[in-house]
Amino acid sequence: MTAREKLIVGLDVPTVQQAEDIVSKIGDEVLFYKIGYQLVFAGGLEFARDLVQSGKKVFLDMKLLDIDNTVASGVENIARMGMSMLTLHAYPKAMRAAVKAAEGSGLCLLGVTVLTSMDDSDLVEAGYASDARSLVLRRAEQAREAGMGGIVCSAEESTAVREILGPDLAVVTPGIRPAGADLGDQKRVMTPYDAIKAGSSHLVVARPIVRAEDPKAAARAILDDMLRASFPANQ
């Protein structure tokens, strides 16, 4: 897998026009894009289809969670759209229903473990008795047992998660920041280089690229950092 296949640019912008502008500026530098609630509710599903038709890959970040039948119905529809990845919260019954619904489609289902904007104190406030690391590892095991394609977690847990999931399942990591970058609302973060070294298979990067004066150059710098981690002899 090349660095271009591992980097996912998060199109966390309010309008399709802004998303189209970013994709145009980045050009062929990036292959993979993430689309979430904000853009979906502004007409982003049609835009996602357009990206797929143009040869790009789309990670639909919907974080689904509902009764089994509703999750399965949603996954079936999304699988027909040609998306490459889809998120749902890593609850066992929902994951099992989603896996069955996506069977044979090629859609990679990802279990969301603990948001990278949350730390142990946030989990306590939300009523969880577990710390972030323990909860991530438990949900990673449940995702593997359910037959999911991988999980979403902080790079801080990537090494331990990789031991649970093995070499083939996806470990998708948000909260990626180049050295010295503003952390924003993220709490459990890592640089692109360190995240790849830790065992992450895909990195999701939004603000450091989409808010850059030159998004293409910003993406190129992150890709270079990822390449250094993958091929250290070329440094």
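Indices start at 1 and increase along the chain as displayed.
Cβ atoms are placed via backbone N, Cα and C, with glycine included.
Marked as substrate binding site by Swiss-Prot on the basis of sequence analysis: Asp12, Lys34, 61-70, Thr116, Arg177, Gln186, Arg207. As annotated by Swiss-Prot, active site, proton donor applies to Lys63.
Projection of Swiss-Prot feature records onto the structure.
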{"residue": "Asp12", "record": "substrate binding site", "CB count, 10 Å": "19"}
{"residue": "Asp61", "record": "substrate binding site", "CB count, 10 Å": "25"}
{"residue": "Lys63", "record": "substrate binding site", "CB count, 10 Å": "17"}
{"residue": "Leu65", "record": "substrate binding site", "CB count, 10 Å": "14"}
{"residue": "Ile67", "record": "substrate binding site", "CB count, 10 Å": "11"}
{"residue": "Asn69", "record": "substrate binding site", "CB count, 10 Å": "10"}
{"residue": "Thr116", "record": "substrate binding site", "CB count, 10 Å": "24"}
